[in-house]
Amino acid sequence: MAAKPKLYYFNGRGRMESIRWLLAAAGVEFEEEFLETREQYEKMQKDGHLLFGQVPLVEIDGMMLTQTRAILSYLAAKYNLYGKDLKERVRIDMYADGTQDLMMMIAVAPFKTPKEKEESYDLILSRAKTRYFPVFEKILKDHGEAFLVGNQLSWADIQLLEAILMVEELSAPVLSDFPLLQAFKTRISNIPTIKKFLQPGSQRKPPPDGPYVEVVRTVLKF
């Protein structure tokens, strides 16, 4: 029996959360080792596991993988969440990159000053409602299918749901003008593996709080 993938990262969302989502949606069990001290981080660097000196790090299939985008692409292809051909794959890439841009705006906000954080959240909500969500509402309207690409679950769907839920944590009614996205959210959330991941007690991480921010600052020295 193959070993479970092992994820090395902080005990929080950051750049690892989309990886957790993808594995969970694929029904893949995984282990986690949480980065809590500077010494752990320096040992990982010394051991040569961090290609560019950065986490996340994922141990899978005899490999130590770094760089979030590369990890997500590998997992999507491995678990049949990456479309049926190159044309579907590039659309999945475009949609996933778009939602990743939105989610990274949210991920970095807790590390800002209170004033900057408030301004960031206002900008995030504005961008979500005027730049990102209208695009996905139109995609769903134009093809009339249940999923974003190829009428089957893909990385793009999983990451869009992740992004929607993150933005809803800032403003619960953010989807009020997007009925197709509301239906999409309900539909994808009810896929059994995803529904399980959304339940309390799963490996899904909560929004970043003060202690999480301090651990990241201490370990990475910024």
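Using the three backbone atoms N, Cα and C, a Cβ is placed for every residue, glycine included.
Within TYR9, TYR121, TYR132, the residue that Swiss-Prot lists together with GLY53, GLN54, VAL55, THR66, GLN67, THR68 for binding glutathione is TYR9. Helix, strand and coil residue tallies for the domain 'GST N-terminal' (3-83), in that order: 29 helix, 16 strand, 36 coil [DSSP]. Apart from the site residues TYR9, GLY53, GLN54, VAL55, THR66, GLN67, THR68, the chain places the Cβ of ARG15, LEU50, LEU51, PHE52, PRO56, LEU57 no farther than 8 Å from the centroid of the site's Cβ atoms, the recorded glutathione location.
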